[in-house]
Each structure stands twice: as structure tokens, then as C-alpha cells.
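Record features, source Swiss-Prot:
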BINDING   HIS66, LEU67, ASN68, ASN203  glycerol 1 binding site
BINDING   TYR138  glycerol 2 binding site
BINDING   GLY199, PHE200, ALA201, ARG206  glycerol 3 binding site
INTRAMEM  64-67  intramembrane segment
INTRAMEM  68-78  intramembrane segment
INTRAMEM  199-202  intramembrane segment
INTRAMEM  203-216  intramembrane segment
SITE      TRP48  site 'Substrate discrimination'
SITE      PHE200  site 'Substrate discrimination'
SITE      ARG206  site 'Substrate discrimination'
TOPO_DOM  35-39  topological domain 'Periplasmic'
TOPO_DOM  109-143  topological domain 'Periplasmic'
TOPO_DOM  195-198  topological domain 'Periplasmic'
TOPO_DOM  217-231  topological domain 'Periplasmic'
Amino acid sequence: MSQTSTLKGQCIAEFLGTGLLIFFGVGCVAALKVAGASFGQWEISVIWGLGVAMAIYLTAGVSGAHLNPAVTIALWLFACFDKRKVIPFIVSQVAGAFCAAALVYGLYYNLFFDFEQTHHIVRGSVESVDLAGTFSTYPNPHINFVQAFAVEMVITAILMGLILALTDDGNGVPRGPLAPLLIGLLIAVIGASMGPLTGFAMNPARDFGPKVFAWLAGWGNVAFTGGRDIPYFLVPLFGPIVGAIVGAFAYRKLIGRHLPCDICVVEEKETTTPSEQKASL
């Protein structure tokens with residue numbers, strides 16, 4: 001298979017995997033907000049976590065199941081991921097999230113309309129932000145912009161560090177097929193503990209793609225600003241990227257360097273030609 005066709009298949013996998021996790025997660029929130037479903041924070045967090053686990057099972061063998069631009073960037077910087085694939089992966093992830101949000105909206109369309117009519121909500125007003133939160137994340141009204149950024153950075157750093165730990169066969173017993181479920185459980189635990197603060201985005205694609213859809217679907221600028229002076233979309237867009245870089249750096253320097261093998265070093269040795277190895281002596 002050519003490199004081009006391989007990249008195409010990987011991008012399709014990232015599109016479908018990211019779309020799948022958004023379909024389950026946003027669908028759960030839509031059921032809560034407009035269909036009268038009774039979910040607590042833990043139940044919502046578990047559904048998001050299981051959605052991620054299912055998406056990983058679907059795509060891991062094709063693309064590695066990044067499903068998150070922050071993860072893709074961190075793996076490029078700290079785990080030898082091919083830099084030429086970074087932009088295509090990110091575009092695929094955002095597109096998958098956008099399309100899944102649109103699909104959920106289409107399936108729940110009548111319920112959204114009836115909910116707005118019943119509660120006299122004008123789409124695009126500040127009062128409609130809570131309903132826009134069906135698709136993407138907005139902060140608790142009691143925390144400010146900087147605090148929200150710090151929350152997203154910290155929880156994504158924890159997520160990234162533990163993803164590397166859970167998928168590193170050199171770090172204890174190999175997890176194999178259990179790794180996706182453990183990652184899903186990790187997301188559920190983070191969501192249950194920190195979700196009430198920012199909605200635990202931890203994923204620029206998960207947040208930005210659906211925000212773009214909400215903007216197009218009538219929520220307008222409030223979808224990006226969240227009704228705040230500083231556009232809130234910047235927090236779940238850049239906070240997770242910074243956090244993932246910090247988490248990957250911390251794992252590599254504090255844990256990974258003390259393990260028996262170094263993945264990047266091994267890969268570099270395997271790709272070095274005999275003449276290059278001789279020249280390096």
C-alpha cells in the first residue's frame with residue numbers, strides 16, 4: 001500500500017472515530033437537555049468514556065486512534081509521530097466532530113425546536129448558551145477565563161500522561177485489548193471529578209467542530225463566546241494542547257526515561273542504515 005493511500009485510510013479512521021465518540025457523547029447530552037433523560041455527572045462521564053473506548057477499538061489498528069488534535073501534537077513532539085500527518089489528522093478529527101454534531105442535531109431536531117418554544121428561548125441569545133452546551137463545552141459561571149484554561153490544561157496533562165502510560169508496554173504488564181477500556185475509564189473519572197468546572201473538553205476537535213456547527217445552526221457568535229467578553233472557544237482550543245504537551249513531556253522525562261526501553265531511540269536505530277550506523281561510530 002502506498003504512503004498516500006495509507007494516510008487516506010488513517011484520516012478516514014480519525015474522521016470516523018472522532019465522529020463516533022461525539023455521536024455518543026453529544027447524543028447523551030442532547031437526551032439530558034431536550035428529551036428529559038435523567039443522567040447525573042457520573043453517568044454522563046461514563047457514556048463519554050465508553051464512547052471514546054469504542055472509538056479506539058474501531059480505529060486503533062488503522063490510525064492509532066488519536067481522535068484528538070492535542071494527542072496528535074503531543075505524539076508528534078514526544079513519540080516520533082510523523083509530522084507530515086499532523087495537519088491531515090487534525091482536519092479529519094475536526095471534520096468528524098462537526099459531522100457527528102450535525103447528525104445528532106438532525107436526529108433530535110424536533111425536540112430542540114419544541115424545547116426552545118416551550119421555554120421561550122431565542123437561539124443566539126445569551127440565554128441559549130446552555131442549550132448550545134449540548135454540542136460543546138462552556139465553563140461554570142463561577143470560574144473565570146484563566147481558571148478555566150488552567151482546568152483544561154491540568155486535566156489534559158493528566159489524560160495525556162496516563163494515555164502514554166497505559167499504552168506503553170514497557171511500563172509494567174502489557175495492557176493489550178484492555179487499554180481502550182482503561183482510557184475510557186480514565187476519561188470517566190476525570191469527567192466525574194472535574195467536569196462541573198469546564199465540561200472536561202480535553203480535546204480541541206471535540207469542542208471546536210461542534211461549536212462551528214452550533215454557529216451555523218443559528219447560535220451565531222454566542223456559540224464561540226459563551227456570552228463572555230473574551231471568546232471562550234480559545235480555552236478548549238488551546239488549553240488541551242498546552243496540557244497534552246506538558247503531560248507528554250512529564251511522562252517522557254519523569255517516567256519514560258527510567259523504563260528499560262525508549263521507543264523513539266529504538267525506532268531511530270531501526271531506521272538507521274548500516275552506513276549511517278558505521279559513520280556514527
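Even glycines carry a Cβ here, placed using N, Cα and C.
Remember, it's a predicted structure, so these values are computed and weren't measured experimentally.
Where Swiss-Prot records a feature, it is marked here on the structure.
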| residue | record | CB count, 10 Å |
| --- | --- | --- |
| TRP48 | site 'Substrate discrimination' | 26 |
| HIS66 | glycerol 1 binding site | 30 |
| LEU67 | glycerol 1 binding site | 32 |
| ASN68 | glycerol 1 binding site | 32 |
| TYR138 | glycerol 2 binding site | 25 |
| GLY199 | glycerol 3 binding site | 23 |
| PHE200 | glycerol 3 binding site | 28 |
| ALA201 | glycerol 3 binding site | 26 |
| ASN203 | glycerol 1 binding site | 29 |
| ARG206 | glycerol 3 binding site | 34 |
Determine the mean pLDDT over the topological domain 'Periplasmic' (195-198), rounding to the nearest whole number. 97
Per DSSP, what is the residue tally for the topological domain 'Periplasmic' (195-198) in helix, strand and coil? 4 helix, 0 strand, 0 coil
DSSP assigns the residues of the topological domain 'Periplasmic' (217-231) as 7 helix, 0 strand, 8 coil
Measuring Cα to Cα, how many Å separate PHE200 (glycerol 3 binding site) from LEU67 (glycerol 1 binding site)? 15
In the three-state scheme derived from DSSP, which category covers ASN203 (glycerol 1 binding site)? coil
Spatial neighbour of TYR138 (glycerol 2 binding site) that is closest, considering only the binding-site residues LEU67, ASN68, ALA201, ASN203, ARG206 and their CA atoms: ALA201
Tertiary contacts of the topological domain 'Periplasmic' (195-198), defined by C-beta under 8 angstroms and 6+ residue spacing from its ends, are 41, 44-45, 137, 139-140, 143, 147-148, 151-152, 235-236
CA-CA, which of the recorded positions TRP48, GLY199, ALA201, ARG206 lies nearest ASN68 (glycerol 1 binding site)? ARG206
Folded-back contacts onto the topological domain 'Periplasmic' (217-231), same chain, C-beta under 8 angstroms, at least six residues removed: 102, 105, 123-126, 128-129, 132, 135-136, 138-139, 145, 211
Taking LEU67 (glycerol 1 binding site) as the reference, which of TRP48, GLY199, ALA201, ARG206 (the recorded positions) have a CA within 10 A of its CA? ARG206
Spatial neighbours of the topological domain 'Periplasmic' (35-39) far in sequence, C-beta under 8 Å, 6+ residues away: 28, 47, 108, 111
Compute the centroid of the Cβ atoms of HIS66, LEU67, ASN68, ASN203, then list the same-chain residues not in that set whose Cβ lies within 8 Å of it, in sequence order, for the glycerol 1 site. GLU14, THR18, ALA65, PRO69, ALA70, VAL71, THR72, GLN93, ALA205, ARG206
Is the topological domain 'Periplasmic' (109-143) packed against any residues at least 6 beyond its ends, judged by a Cβ distance under 8 Å, and which are they? 26, 29-30, 33-35, 101, 151, 196-201, 206-208, 210-211, 213-214, 217-223, 226-227, 232-233, 235-236
